[in-house]
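Record features, source Swiss-Prot:
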type    : residues                  : note
BINDING : Cys7, Cys10, Cys44, Cys45 : Zn(2+) binding site
Amino acid sequence: MIVPVRCFTCGKVIGDKYYEFKARVEKGEDPEKVLDDLGVERYCCRRTLLSHVELIDQVMVYKVY
């Protein structure tokens, strides 16, 4: 849904790295190298960034009653 600010497992701040990670991967860079360059070393943080799917634009269409 929304970009996670912290890793769900360890609590490290990762929200500031997501958009740079996404942009570099979309340009064709290897995700492993990008995560290494950004300093994301823990596998739990890497998993959180790699598996995140942005659904907020699709969910915003529905109204809350």
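Glycine is treated like the rest: Cβ placed from N, Cα and C.
Less than 8 angstroms from the CB of Cys10 (Zn(2+) binding site) sit Arg42, Cys44, Cys45, each of them six or more residues away in the same chain. For Cys44 (Zn(2+) binding site), the count of additional Cβ atoms within 10 Å of its Cβ stands at 14 [all protein chains shown]. Counted over every protein chain shown, other Cβ atoms within 10 Å are most numerous around Cys45 among the binding-site residues Cys7, Cys45. The Zn(2+) site, placed at the center of the C-beta atoms of Cys7, Cys10, Cys44, Cys45, has further neighbours from the same chain whose C-beta lies within 8 angstroms: Arg6, Phe8, Thr9, Gly11, Lys12, Ile14, Arg42, Tyr43, Arg46, Arg47, Thr48.
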